[in-house]
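Among the features that TrEMBL reports, compositional bias 'Polar residues' is placed at 137-152. The domain 'MADS-box' feature in TrEMBL is assigned to 2-62. The region 'Disordered' annotation in TrEMBL covers 135-159.
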Amino acid sequence: MVRRGRVELRRIEDRTSRQVRFSKRRSGLFKKAFELALLCDAEVALLVFSPAGKLYEYSSSLSIEGTYDRYQQFAGAVRNTYQGGASTSNDEDPSNLQSRLREITAWSVHNNADNADASNLEKLEKLLTDAKRALAKQNSNRSATGENSNGPTGEGGNA
């Protein structure tokens with residue numbers, strides 16, 4: 001039996017081959033996430049966006065939103081521990097979330113992530129980071145006021 005050897009990690013240029021590899025790797029990743037949750041009793045949430053922008057998700061708990069909320073609480077506690085209680089957020093207005101999401105949508109309409117250069121991908125990363133911060137701030141404000149904090153996609157989690 002011949003061993004396959006190590007796969008060279010670089011972008012697959014052929015679009016069909018890239019899609020096939022994405023599908024197989026995605027399936028394997030979701031299988032491993034399921035196994036980790038089952039065998040080790042771990043709480044696992046996994047989000048994958050395809051190159052076409054389609055969302056694939058897995059959660060070992062009832063909802064990804066619940067796991068994400070738990071992550072936010074943990075990350076906030078760790079951040080406060082290392083910074084003496086100071087917050088690192090940009091003190092953005094939570095109402096900016098809608099504008100941040102519009103910026104991300106506009107970026108994705110005008111750019112193709114498969115063909116984007118590093119600077120364009122860095123811009124997308126900044127947009128996503130800013131939107132995440134705005135969402136976290138909005139969720140923390142809702143928690144402080146006692147409002148219901150369902151995720152931005154509501155029930156089901158598919159956008």
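Just so you know, glycine gets a Cβ as well, placed from its N, Cα and C.
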Secondary structure content of the domain 'MADS-box' (2-62), with strand meaning DSSP E or B: 26 helix, 10 strand, 25 coil
- request: Give, as a single whole number between 0 and 100, the mean pLDDT over the domain 'MADS-box' (2-62).
  value: 90
